[in-house]
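Peer 1: Questions regarding the structure given below will be posed in turn.
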Amino acid sequence: MLSVVDHPLIKYKVSLLRDKNTGPKEFRELVQELAMFLTYEATKNLELTEQVVETPLATTTGFVLCRKIAIIPILRAGLTMAEGVLKVIPNAKVGHIGLYRDHKTLMPVEYYAKLPIGIEDMVCIIVDPMLATGNSIRYTIDLLRQQGVSQIKVLSIIAAPEGIDNVLSCGDIELYLAAKDERLNDEGYILPGLGDAGDRLFGTK
Ligand code: URA
């Protein structure tokens, strides 16, 4: 399932992100804010169970989430998105995945993985701001499924069509985007995109 979330504030904030004159402080804030919007959309179908609540005046029916939530940022650009998701779901667990790209095969190689205990029963939200080839997200989906995870949502800010197809071909995935761009260039950057998200977030390069 693909959802390119259509909202004037999302369009406006993505435009600010794209602007080469936007500095790291504003860039980080925008990534967090966009992650919050995407989380709101992506969590609309979470299951609830009823629970009795005592207000100061009466007894009423309240709700709690049926399942715990794990946020899975792909290092390093996913970290800032995870902070945005945590603002909306502060009790979520966080599992980190570190991948680098092998220069010969161009495929992701894992250098770090630390996942919450009991992840197999959680709703997992993978976050990575740029969905380019989709290979890193695909790797992460496979890794989570190997751990027994069945409900996976992916949040990215900007995606290329190639990456979208790659992720959706994993099957039974909910993919939420703020923008769908035109294509990848020969170096694997999204066009028009916003450049290297990690460098712009952390002021490197
Ligand atoms: N990663 C980025 O940071 N930017 C792109 O355009 C593609 C991958």
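Backbone N, Cα and C define each Cβ position, glycine as well.
Below are the features I grabbed from TrEMBL:
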{"type": "BINDING", "residues": "Arg76, Arg101, Asp128, Pro129, Met130, Leu131, Ala132, Thr133, Gly134, Asn135, Ser136, Asp196", "note": "5-phospho-alpha-D-ribose 1-diphosphate binding site"}
{"type": "BINDING", "residues": "Ile190, Gly195, Asp196, Ala197", "note": "uracil binding site"}
{"type": "DOMAIN", "residues": "4-204", "note": "domain 'Phosphoribosyltransferase'"}
Peer 1: With every protein chain in view, what's the tally of Cβ atoms within 10 Å of the Cβ of Arg76 (5-phospho-alpha-D-ribose 1-diphosphate binding site), excluding that atom itself?
Peer 2: 16
Peer 1: I'd like the Cβ neighbour count for Met130 (5-phospho-alpha-D-ribose 1-diphosphate binding site), meaning other Cβ atoms within 10 Å of its Cβ, all protein chains included.
Peer 2: 24
Peer 1: May I ask for the distance between Ser136 (5-phospho-alpha-D-ribose 1-diphosphate binding site) and Ala197 (uracil binding site), taken between their Cα atoms and rounded to an integer number of Å?
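Peer 2: So the Cα of Ala197 (uracil binding site) lies 15 Å away from that of Ser136 (5-phospho-alpha-D-ribose 1-diphosphate binding site).
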Peer 1: Using only C-alpha positions, which one of Ile190, Gly195, Asp196, Ala197 is spatially nearest Arg76 (5-phospho-alpha-D-ribose 1-diphosphate binding site)? These are the binding-site residues in the record.
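Peer 2: Nearest by Cα distance to Arg76 (5-phospho-alpha-D-ribose 1-diphosphate binding site): Ala197.
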Peer 1: Among residues Arg76, Arg101, Asp128, Pro129, Met130, Leu131, Ala132, Thr133, Gly134, Asn135, Ser136, Asp196 annotated as binding 5-phospho-alpha-D-ribose 1-diphosphate, what is the maximum Cα-Cα distance? Answer in Å.
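Peer 2: Max Cα-Cα spread across the 5-phospho-alpha-D-ribose 1-diphosphate binders: 17 Å.
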Peer 1: Cα-Cα, whole number of Å: Ala197 (uracil binding site) versus Gly134 (5-phospho-alpha-D-ribose 1-diphosphate binding site)?
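Peer 2: So the alpha carbons of Ala197 (uracil binding site) and Gly134 (5-phospho-alpha-D-ribose 1-diphosphate binding site) sit roughly 15 Å from each other.
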Peer 1: Identify which of the following binding-site residues, namely Met130, Ala132, Gly134, Ile190, Asp196, Ala197, place a Cβ less than 6 Å away from any atom of ligand 1, and list them by sequence position.
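Peer 2: Going through Met130, Ala132, Gly134, Ile190, Asp196, Ala197 in sequence order, those close to ligand 1 turn out to be Met130, Ala132, Ile190, Asp196, Ala197.
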